[in-house]
Amino acid sequence: MNEMTVKTRFAPSPTGALHLGNLRTALFNALLAYGHGGRFVLRIEDTDRERYSPEATRSLMGDLRWLGLDWQEGPEVGGPAPPYHQFERGFLYDAYYRQLEAEGWAYPCFCSERELEMARRAQRSAGQPPRYPGTCARLTAEEVARKRAEGMQPALRFRVPSGDEVRFEDRIHGEQRFRTDDIGDFIIRRADGTAAYLFTNAVDDALMGITDVLRGDDHLTNTPRQLLILQALGLAAPRYGHMGLITGNDGAPLSKRNGSRSVGELARDGYLPEAMLNYLARVGHTCESEALLDLAGLAEGFDPARISTAPSRFDPDHLRHWQEEAVHGSSVRRLRPWMGIDALVPPGYAEDLVNAVRGNVRFPAEARDWAKRVFAGPPELDADAEAAIVSAGAEFFEAAAGAAEEGYTRFKGLTEAVKERTGVKGKQLFMPLRAALTGRCSGPELQPVVDLMGGERVVERLRRAATLAAEQGAQGE
């Protein structure tokens with residue numbers, strides 16, 4: 001790895017939002033490059049113009065930058081092998097197509113989809129793997145010219161040598177062997193003139209000097225075809241590693257139907273970039289550290305040898321765990337705008353509220369809920385809070401409200417006064433007070449929350465609890 005500059009790439013086809021499966025691919029390739037002082041390349045594979053979306057491309061690049069996955073070569077930053085949009089690289093592909101045809105490695109194919117489907121059916125019926133039967137492989141120059149004169153537009157097929165074997169060392173799966181007789185001649189340019197993925201992807205990796213490619217194992221069977229193309233062209237091939245896919249709870253590849261969400265959706269919910277990165281760095285990859293790490297730390301601990309060949313199930317609870325770690329590790333300066341609480345908090349109190357609730361929130365919506373519970377009118381009581389108030393009884397809250405009305409509205413003074421007047425202590429003291437003052441039986445440490453409320457709110461909420469306890473007690477008699 002130290003003999004040459006490691007260069008990896010992320011080569012998406014942006015037709016929609018960036019989702020977690022593709023993000024993990026980008027992350028693993030970036031970490032491999034960053035960890036070896038190499039270069040991370042972004043290449044946009046946009047040859048399918050019907051599905052290509054400029055908006056999706058801009059969104060994807062914005063997501064990568066927001067996550068801190070900066071590319072050293074690619075769109076908007078340039079590099080030694082431009083352009084970095086495949087649609088603009090057609091002139092490069094044309095030269096290699098001509099080379100393959102001239103050297104006998106490629107030939108025009110005039111077969112219709114109907115003819116190809118009939119051949120596949122016959123092969124399946126005979127218990128053979130479906131592959132191109134070679135119908136056009138032996139056409140003479142005269143036959144090709146006649147078909148063209150008739151207006152037939154051919155695809156271009158790569159001529160796979162028979163009786164051979166393609167071997168390569170996969171960085172994750174180990175040694176791989178594929179019989180060329182099982183591959184069959186494959187299309188490298190469609191009849192409409194557009195370049196095929198297998199061809200452009202392989203050629204661009206070589207021309208851009210990509211040394212290592214980490215991708216999903218759904219691409220494993222593409223690799224022998226791409227190695228054959230590069231060998232025929234005399235171009236260097238990268239080292240490939242194919243990792244198990246991320247699946248949903250149903251075991252199917254992760255998608256919207258089984259729990260996948262886009263990076264943008266998660267960001268709008270308040271997920272922090274380091275939460276996503278720390279989670280994904282551990283999906284199908286063993287990370288020795290259990291601590292929240294920055295990109296440099298993740299890169300230092302990344303090793304393709306520790307990537308699993310088995311599928312990895314998406315675990316939203318694990319993602320939320322890393323979100324909690326990320327929030328707890330963030331500064332007040334960062335959390336304040338992230339929480340979006342300023343409009344809900346009196347001037348001068350925002351940072352105090354951040355400090356009060358930061359240990360118990362994972363998302364901005366939770367922080368805003370606590371801002372309302374502290375500074376707005378009496379909060380709505382959940383069922384557990386109401387039960388705790390009724391259980392403590394009217395006498396307890398009359399004593400608490402009386403103490404507050406006498407000026408004991410800060411937490412320490414209030415609890416000492418209530419304890420002295422009622423003889424109640426411990427959980428039986430704190431739980432009813434929490435329920436009455438916040439509307440919930442769990443949450444942040446009570447002292448800073450109560451001290452932020454102010455005397456009027458404390459009195460109002462304790463009086464409400466006393467009334468509720470009295471009414472419920474009377475009904476139970």
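Note that Cβ sites are derived from N, Cα and C of the backbone, with glycine treated the same way.
According to Swiss-Prot, the feature motif ''HIGH' region' maps to 12-22. Per-residue confidence over the motif ''HIGH' region' (12-22) averages out at a pLDDT of 92.
Annotation source Swiss-Prot lists motif ''KMSKS' region' at 253-257. Residue counts for the motif ''KMSKS' region' (253-257) under DSSP (helix as H, G, I; strand as E, B; rest coil) come to 2 helix, 1 strand, 2 coil.
Same-chain residues at least 6 positions away in sequence with a Cβ under 8 Å from that of K256 (ATP binding site) are not found in this chain. Feature annotation from Swiss-Prot assigns ATP binding site to K256.
Residues 19-21, 218, 245-247, 314 of the same chain, all 6+ positions outside the motif ''KMSKS' region' (253-257), place their C-beta atoms under 8 angstroms from a C-beta of that stretch. Helix, strand and coil counts from DSSP across the motif ''HIGH' region' (12-22) read 3 helix, 1 strand, 7 coil.
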